[in-house]
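Shown next, in structure tokens, is the structure this report addresses.
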Amino acid sequence: MQRHMLKSKIHRAAVTHCELHYEGSCAIDEDLLEAANIVENERIDIWNINNGERFSTYAIKGERGSGMISLNGSAARRAQLGDLVIIAAFAMIDEEELKAGWKPDLVFVDEGNKIKGSRDHVPTQNWT
């Protein structure tokens, strides 16, 4: 059996560009793509923390070290500059990979979209 699992996540990145008339996609700083194990043309889901929008597109390379998160084409209508988004990619993982200890790549960024940390699990949510 295969399970559809979270593979990659860039958490709370700020939208830096909205390019309505650019060919559709999301340009992501190449440093972030590599850290999150997302490749060019891979399908990604984007969840806008500010307005609740959730949509899918594909990743393209943004300038390395720029902090770029550019929503292009129709995706540009789903956010405003400065909105915080979660960018996620999923993969089909078989039971053997899961038993062998497969983990996702989770990347956390600062207010300039520079990497401030990473981990391979989502912590248990507790009541506080």
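Quick reminder: no glycine exception, Cβ is built from N, Cα and C everywhere.
Pulled from Swiss-Prot, these are the features on record:
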type	residues	note
ACT_SITE	S25	active site, schiff-base intermediate with substrate
MOD_RES	S25	pyruvic acid (Ser)
BINDING	T57, G73, S74, A75	substrate binding site
ACT_SITE	Y58	active site, proton donor
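Those same-chain residues not listed among T57, G73, S74, A75 yet with C-beta within 8 angstroms of the centroid of the substrate site C-beta atoms are G24, S25, C26, F55, L71, N72, A76, R77, R78.
S25 (active site, schiff-base intermediate with substrate) carries a strand DSSP state (E or B). Within the set T57, G73, S74, A75 that the record links to substrate, no two Cα atoms are more than 10 Å apart, and one pair reaches that distance. In the structure shown, the C-beta of A75 has more C-beta neighbours within 10 angstroms than that of any other entry among the recorded positions T57, Y58, G73, A75.
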